[in-house]
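Down below is the structure, laid out as C-alpha cells.
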Amino acid sequence: MGWPCRSIIPLLVWCFVTLQAATREQKQPHGFAEDRLFKHLFTGYNRWSRPVPNTSDVVIVKFGLSIAQLIDVDEKNQMMTTNVWLKQEWSDYKLRWNPEDFDNVTSIRVPSEMIWIPDIVLYNNADGEFAVTHMTKAHLFSNGKVKWVPPAIYKSSCSIDVTYFPFDQQNCKMKFGSWTYDKAKIDLENMEHHVDLKDYWESGEWAIINAIGRYNSKKYDCCTEIYPDITFYFVIRRLPLFYTINLIIPCLLISCLTVLVFYLPSDCGEKITLCISVLLSLTVFLLLITEIIPSTSLVIPLIGEYLLFTMIFVTLSIIITVFVLNVHHRSPSTHTMPHWVRSFFLGFIPRWLFMKRPPLLLPAEGTTGQYDPPGTRLSTSRCWLETDVDDKWEEEEEEEEEEEEEEEEEKAYPSRVPSGGSQGTQCHYSCERQAGKASGGPAPQVPLKGEEVGSDQGLTLSPSILRALEGVQYIADHLRAEDADFSVKEDWKYVAMVIDRIFLWMFIIVCLLGTVGLFLPPYLAGMI
C-alpha cells in the first residue's frame, strides 16, 4: 500500500503545477503576446538582406497606386503635383509565426524602419524627393505577407501640350520602380490595372478622365541588367469655365471692337485712337497667356493664335484707317478722282453693299436755300442793277466826268448819235449781258446807231456799272467753283465711306470665322 501512494503524490503535484502555468498563460494580456511575438520575430533579424531563403530567388512586390488629390498642374514648369498612397505587398519568410503560439495573434503593425522594404522610387520626380518621406508602419501577417501603404506628395514632370488651351487635355505619367535591384532580384507585379479613385477629392480645375497602370521592363544604357517598372498614365482634362469667363469672352469682345472701327465716322477723329486702344488691350491679354503657358517653341496655343491673328487684323485696320482718312479729306485742289474710282466706288460697289446715296434735292421755285442753281445766281444781282442810277454819288461824279466821257464816246463811236436814252435801258442791257454769261449763252452785242431794242437804243455803260458787273460776275464764278469743289469733296467722302463699309463686312466675317476656328478644333477633338 505504501508504494502506490508514494507514486501518486508526485503525479498529482505535476498536474497541479501544469494547471497553474496554464491558468497564468490564460490570464496574460494580449499585449504580452505581441511583445513575445516581437522578440520572436526580430531577434537576429537583418533588415538589410532580401527576404528570400536563396540568393537566386526573386522578391515579388505587388504595387498599386491610390490617388487622394490632384493638387496642381503647373503648365509653366511642366509639373504635376499629386497626393497619393503607395500600396505595396511582398512576402518575408523571416516574419512568419504560428498564431496559436502567440494567443492567436494573426497580424501586427511594426515600424517600417525595422523590416526590409523595397527601394521603390518615382523615376520622373521633379523636385528631388524620389522616395517616400513619411515612413508609416507596415502591416505584418502570420503567413509572412507584408503590406505597406505610405502616403506621399509627389511632383512629377509632365509634358504639357497647350495646343487647345484652355480646352486642353494632358497625358501625364508617374513611373515607379526599384532604384537598386534589377529584375533578377526584385520583380514588380501590377496590383490593379487602374488607379484607385475611391478616396479621390475632386479638383476645381482638372478632371481625371482615365488613369491606368502598365508594367514595363527596360534595359538602360548604364547597366546590363533589366529593370522593371510600373507606369501610371493619367489622362486629365482642364475645366475651362474659369478661362472662358476671364480670358476668352473678353478677348472676343475686344476683337469685336475692331469691327466698330470701320463703322465710326471719319469726321469724329477717334478712329486711330480706338484702333490703338484695341491693339493695346489685345497685347495685355497676350502677355497674360504667356505667363500661364509653358515657354516652348514647339506649339502655339489656339487662343494665342487667335489673339495674334486679331492683332494682325487690328494692325491692318490701323493702316486701312489711315488710308481711309486720307481719302476722306481729299479735295479737287490736291487730287483728281480717276474715272475708274468714280465708276467702281460710286456706282458698282454700293449696289452690292446695299448702300444708297440720297439724291441731291434742288430747292423748289419760290423757295430760298443755301445754294441756288447755277442759272439763277444773278437773280439778286439783276434786281440790284435795275434800280435807278441817279443816286447821289453818281450825280456828283456825273458833272465832273461828263466832258471826259463825251470825248471818249466820240472817239469810240463816231457814228453814234448822242441820245437821251434812259438809264433803265443801260441797266437792261447790262443785266441781259450778265445773264447771258451766267447761263452760258452769248452775251448780247452792243447795239449800234440806228439799232433799237423795243423803243430804246443801245447805249454805252458807265465805268462804275462795268466795275459792278465785273464784281457780280466774279462772285458768281466763285460760287460755281465752290459748288463744284463741294460736290467733289462729297464724292471723296462717299468713296471713303464705301471703303469703310467693305472692310466692315470683311472684319465681321473674319471675326466670325476666328471664333468658329477657336472652338471647332477642340469640339472635333472631343474636348468640349
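Placement of Cβ uses the backbone N, Cα and C atoms for every residue, glycine included.
The signal peptide annotation in Swiss-Prot covers 1-23.
Residues annotated as topological domain 'Extracellular' in Swiss-Prot: 24-239.
Annotation comment: Swiss-Prot describes Asn54 (among others) as N-linked glycosylation site, evidence class sequence analysis. A C-beta separation below 8 Å, combined with a sequence spacing of at least six in one chain, links Asn54 (N-linked glycosylation site) to none of the other residues.
Under the heading N-linked glycosylation site, Swiss-Prot lists Asn104 (among others). Cβ contacts within 10 Å of Asn104 (N-linked glycosylation site), excluding its own Cβ and spanning all protein chains shown: 11.
Per Swiss-Prot, disulfide bond is recorded for Cys158-Cys172 (among others), and the stated evidence type is similarity to another entry. Residues within less than 8 Å, Cβ to Cβ, of Cys158 (disulfide bond) and separated from it by at least 6 positions along the same chain comprise Val73, Gln78, Met79, Met80, Gln170, Cys172, Lys173. According to DSSP, Cys158 (disulfide bond) sits in a coil region rather than a helix or strand.
Annotation source Swiss-Prot lists disulfide bond at Cys222-Cys223 (among others). Sequence-distant contacts (6 or more apart, same chain, Cβ under 8 Å) of Cys222 (disulfide bond) do not exist in this structure.
The feature transmembrane segment is assigned by Swiss-Prot to 240-264 (among others).
Positions annotated as transmembrane segment by Swiss-Prot: 272-290 (among others). Same-chain neighbours of the transmembrane segment (272-290): 165, 247, 250-251, 254-255, 257-258, 260-261, 264, 301, 303-304, 307-308, 310-311, 314-315, 317-318, 321-322, 325, counting only residues six or more beyond its ends whose CB sits under 8 Å from a CB of the stretch.
Summarising the annotation, Swiss-Prot assigns transmembrane segment to 306-327 (among others).
Across the topological domain 'Cytoplasmic' (328-501), mean pLDDT in this model comes to 61. Per Swiss-Prot, the feature topological domain 'Cytoplasmic' maps to 328-501.
Look at Swiss-Prot and you will find 390-427 tagged as region 'Disordered'.
Summarising the annotation, Swiss-Prot assigns compositional bias 'Acidic residues' to 390-410.
Same-chain residues lying 6 or more positions outside the transmembrane segment (502-520) and placing a CB less than 8 Å from one of its CB atoms are 167, 248, 252, 255-256, 258-259, 262-263, 302-303, 306, 309-310, 313, 317, 320, 349, 353, 528. The transmembrane segment annotation in Swiss-Prot covers 502-520 (among others).
Cα-Cα distance from Cys223 (disulfide bond) to Asn104 (N-linked glycosylation site): 47 Å (rounded to the nearest whole number). Same-chain residues lying 6 or more positions outside the transmembrane segment (306-327) and placing a CB less than 8 Å from one of its CB atoms are 251, 254-255, 258, 261-262, 266, 271-272, 275-276, 278-279, 282-283, 285-286, 289, 300, 492, 495-496, 499-500, 503, 507, 510, 514, 517-518.
Secondary structure at Cys223 (disulfide bond), as computed by DSSP, is coil. Of all the disulfide-bonded residues listed here (Cys172, Cys223), the one with the fewest other CB atoms within 10 A of its own CB is Cys223.
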